[in-house]
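*Asks:* Before anything else, here's the structure in question.
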Amino acid sequence: MNIEQRVTELHQLLHQYNYEYHVQDNPSVPDSEYDKLLHELIDIEREHPELKTDDSPTVRVGGTPVSAFEKVDHDTPMLSLGNAFSEEDLLAFDKRVKDEVGEVEYMVELKIDGLAVSLKYVDGVFVQGLTRGDGTTGENITQNLKTIHAIPLTLSVPLTFEVRGEAYMPRKSFLALNAYREKVGEPLAANPRNAAAGSLRQLDSKLTAKRKLDIFLYSVNDLRELNAQSQSEALDKLDEIGFKTNHERKLCRNMEEVFEYIKYWTEKRNDLAYDIDGIVIKVNDLSKQDELGFTAKSPKWAIAYKFPAEEVITTLNDIELSIGRTGVVTPTAILEPVKVAGTTVGRASLHNEDLIREKDIRIGDSVVIRKAGEIIPEVVRVVLDRRPEGTKPYNMPEICPSCGHELVRIEGEVALRCINPKCDAKLVEGVIHFVSRTAMNIDGLGERIVEVLYNEDIINDVADLYTLERERLLTLERMGEKKVDKLLAAIEASKTNSLERLLFGLGIRHLGAKASMVLAREFGTMDNLKNATVETLTQIDDIGEKMAQSLVTYLQNEDIINLLEKLEQYGVNMRYTGVTKDDIELHPVFGEKTIVLTGKLTIMSRSEATKALTNLGAKVTNSVTKKTDIVIAGSDAGSKREKADSLGIPVWTEQMMVDALRN
């Protein structure tokens, strides 16, 4: 046997033993035998690097570190699921489904508490692995995913498709990681989910390999790649070709059986070797999934039931007040630090005066804390039988804790507000919002630096940011030359932002990012917008009377007029530079059309096509309905194309779309 033949044999043996151990949980050889063969292959590849391949079992131990993760568009968006928190929510979901498609069965699966990933295979070889990211674009973590032994590097059949699943850290691996961190004096990981996410984002895959991650696969981008007619059949076929799926799933005939499954796992979840945070319920029949379709954010045929949040008792030591950019006074509970759902909680929002009175929350009380949606800490209730003697009902102040101005409560609102336009806290919060990523996107201006600039009287409003001098900034603590130069470059770059970013950055009450875009596109310039009336504004889709009145009042304020003049004087762009209504009129093919993309696109990515069509005024949706104007079908388009044909909706090829875009 020559060296090439031995390498091939080692590949086959190691892949087989790996599958038996990590997927089937039924090893046929001891660990020592596997390790012996693996080290033999490592030695051969070290001496003959030309024999090392991308699917070699040795990639399981990690490879050369990378400097950063590449951003890659998903071929099909990785949508999140809608959430249910009660039986009532699930019954409402069941009714919506049955109203549209009649009786259904549900495939019910454990919701693994990990990190969603997609795995791409070409001719049966694993070639790319991405994080969910924002659902449209993920990070390429292929090398790190290759260290997860349950992910097959090659399949038994030469399929070209994308499979999705949840990478996670087993509890045993999590305990081992924290034991090691404690030993070497490093901070402990908060919970297995955070540890798994951090492990998969290590730039050195050798570190990822040491974390002993695992994975369950739960879906294929196009389930017909497996010739499956249902979710249950698709999962069985994933098992057959070498993937690891979760076998605690169950096919339920009705919601009563779903409730039984939820009740069982609510009680038994702690017996598992991994964390789960809920149950996923999916319509089993794929044809009915297609019929139900999607919303912009999630499939209509699936929902995630979230387990009730863990509740713990701690002491409320104080109530701290903060002032937001619109003057709203928000009370925050300062708690005796306590572990809740894996992380330490020391603060929780009390929202407003009414909530404090309704729950009779007092300083010194023992309170029940939980995380809403297992994310945001909240005070659930007071433990009255533990209330210390001498506590007094908490009263919100009558004057602003920042500027001393009288606080007011506007009719119809629950919040107390400081209406002093010169309030220090409001001005600082306004600047923080102005520089944020979704507004003017001035990188390097964090909350601490903004507060220093304001307290040192270097800035008094957002316009002063454009007068910052290098020499003055260098005198500030922790502001070195590189940091200052980077900050000044970011400020200069922000001058060219399109009008919608400036509008949103100004923090106008009731005006969000979407409305800012609508107004910028509609009016084109700040001058045009200044001349708008409430009547003209309310004629625009998505602009209500409250928003219109707030905008007109804001732009007529003398201080704001002066502020905008200063910003323009300092070179800040006051025009909309994106695609305008006039541009849309130049593209009558796609302007104001509802378009559905389906199948595999090969010339453009799905996100590129969506962006191009949207910029020309099209509305891109996921479901084919009577309101759809055009269906653009790539290869393997499936049921959406069939539905378009049945409704008489024009079906275009990808090339036809590209030709129209070019023209």
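From the backbone N, Cα and C atoms, a Cβ is placed for every residue, glycine too.
Predicted, not measured: the structure shown is a model, and the values here were computed from it.
The active site, N6-AMP-lysine intermediate annotation in Swiss-Prot covers K111. What Swiss-Prot lists as NAD(+) binding site is D31, S32, E33, Y34, D35, S80, L81, E109, R132, E166, K282, K306. Among the features that Swiss-Prot reports, Zn(2+) binding site is placed at C400, C403, C418, C423, with the record citing sequence analysis. Here Swiss-Prot flags 585-663 as domain 'BRCT'.
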*Asks:* Who sits close to C423 (Zn(2+) binding site): which same-chain residues at least 6 apart have their Cβ under 8 Å from its Cβ?
*Replies:* I323, G327, C400, S402, C403, H405
*Asks:* What is the interatomic distance between the Cα atoms of R132 (NAD(+) binding site) and K111 (active site, N6-AMP-lysine intermediate), given in whole Å?
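*Replies:* Cα-Cα, rounded: 16 Å.
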*Asks:* Counting other Cβ atoms within 10 Å of each Cβ, which of the binding-site residues E33, D35 scores lowest?
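*Replies:* Counting other Cβ atoms within 10 Å of each of the binding-site residues E33, D35 gives the minimum at D35.
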*Asks:* Is it possible to get the count of other C-beta atoms within 10 angstroms of the C-beta of R132 (NAD(+) binding site)?
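*Replies:* For R132 (NAD(+) binding site), the count of other Cβ atoms within 10 Å is 19.
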*Asks:* So if I draw a 10 Å sphere around the Cβ of K111 (active site, N6-AMP-lysine intermediate), how many other Cβ atoms end up inside it?
*Replies:* 21
*Asks:* So for C400 (Zn(2+) binding site), how many other CB atoms are inside 10 Å of its CB?
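*Replies:* Counting Cβ neighbours of C400 (Zn(2+) binding site) within 10 Å gives 23.
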*Asks:* Relative to the Cα of C418 (Zn(2+) binding site), which of the recorded positions L81, K111, K282 has the closest Cα?
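*Replies:* Out of the listed candidates, the nearest Cα belongs to L81.
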*Asks:* Including all protein chains shown, what's the count of other C-beta atoms within 10 A of the C-beta of C403 (Zn(2+) binding site)?
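*Replies:* Other Cβ atoms found within 10 Å: 16.
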*Asks:* Can you grab the distance from the residue listed as 'active site, N6-AMP-lysine intermediate' over to D35 (NAD(+) binding site)? Cα atoms, rounded to a whole Å.
*Replies:* 33
*Asks:* Across all the protein chains here, work out how many other Cβ atoms are within 10 Å of the Cβ of L81 (NAD(+) binding site).
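*Replies:* 17, counting other Cβ atoms within 10 Å of L81 (NAD(+) binding site).
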*Asks:* Give me the count of other Cβ atoms within 10 A of the Cβ belonging to K282 (NAD(+) binding site).
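*Replies:* Its Cβ has 25 other Cβ atoms within 10 Å.
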*Asks:* Applying a 10 Å Cβ distance cut-off over all chains shown, what neighbour count does C418 (Zn(2+) binding site) have?
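*Replies:* Summing over all protein chains shown, C418 (Zn(2+) binding site) has 24 other Cβ atoms within 10 Å.
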*Asks:* For a three-state summary based on DSSP, what are the helix, strand and coil counts in the domain 'BRCT' (585-663)?
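*Replies:* Split into helix, strand and coil, the domain 'BRCT' (585-663) gives 29 helix, 17 strand, 33 coil.
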